[in-house]
Amino acid sequence: MDLTAGSQADRDQEKAIRRRSLLKARQTMHPDLWREKSDRLCARLQSWEGFAQARTVLAYFSVRQEPDLSPLFHLPKRWGFPRCVEKEMVWHRWSPNGAGMPRAYPLQTGAFGIPEPHPLSLQLSPAEVDLILVPALACDVQGYRLGYGGGFYDRMLSAPQWRGKPTIGIVFEYARVPRLPRDPWDRPLHGICTETGLFLADG
Ligand SMILES: Nc1nc2c(c(=O)[nH]1)N(C=O)[C@@H](CNc1ccc(C(=O)N[C@@H](CCC(=O)O)C(=O)O)cc1)CN2
Ligand SMILES: Nc1ncnc2c1ncn2[C@@H]1O[C@H](COP(=O)(O)OP(=O)(O)OP(=O)(O)O)[C@@H](O)[C@H]1O
């Protein structure tokens, strides 16, 4: 069955309904459980050789009880974080206390209340990036992703300079679901990491 069939309006509505319930489930999680699951997820990532070998990794600052990857930001890697500029994400280097950086700039709060790198901090170019850790509300077993609806990652990952870069969706296990609604622009991620393991997407 082709789940991209049906009207755009139906898919928009289905995505909106799924978003609301997934966001609610995540935000009602007890903070102790969120911390524990986040730590287990970080351990899973760390034991994956694709992560161990990656030198430059794109990540995100956790908001709304997204899995918190910040314990990993102390590892000796080059970390990149997004700054939303209109409809695009600009990627900047950031490390805790400015370690290994020529100059440390404070984080700012961006358009969606999400911490963002300072506009003057060093930018990262796509060619430098080895791995992209993608925030999501849910991912399905084939790697399709549901985000907040801004289309930021869809647009980025469809651009030629990013296409083919390894992408891992980061979600708690309850948000690894059998099937998400798909729009024509949705592209599958290469894998999903949850607190129970790393799953490379089914073909
Ligand atoms: N931590 C984190 N940083 C991130 C993302 C993310 O998912 N997580 N993004 C991933 O793209 C980008 C920000 N994307 C966002 C897109 C929409 C909304 C938002 O608040 N949307 C509205 C309504 C959207 C709609 O349904 O039309 C909302 O949720 O109230 C927030 C962030 C870049 N940084
Ligand atoms: N490759 C693309 N080029 C242009 N516009 C796009 C592209 N991909 C998605 N969009 C636009 O972005 C909007 C949001 O897409 P979608 O609902 O899939 O977002 P999302 O993946 O949940 O959000 P986000 O990536 O911000 O977390 C769509 O209405 C679509 O018009």
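Including glycine, each Cβ sits where the backbone N, Cα and C put it.
Features as listed in TrEMBL:
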BINDING   LYS15, ALA16, ILE17, ARG18, ARG19, ARG145, LEU146, GLY147, TYR148, GLY149, GLY150, GLY151, PHE152, TYR153  ATP binding site
BINDING   GLU66  substrate binding site
The residue listed as 'substrate binding site' versus LYS15 (ATP binding site) - Cα distance in angstrom: 18
Cβ under 6 Å from ligand 2: qualifying binding-site residues of ILE17, ARG19, GLU66, TYR148, PHE152: TYR148, PHE152
Cβ under 6 Å from ligand 1: qualifying binding-site residues of LYS15, ILE17, LEU146: none
Under 8 Å by Cβ from GLU66 (substrate binding site), counting only residues of that chain that are 6 or more apart: ARG26, TYR60, PRO135, ILE170
Fewest Cβ neighbours within 10 Å, where candidates are the binding-site residues LYS15, ARG19: ARG19
Structural state of GLY150 (ATP binding site), classified by DSSP into three states: coil
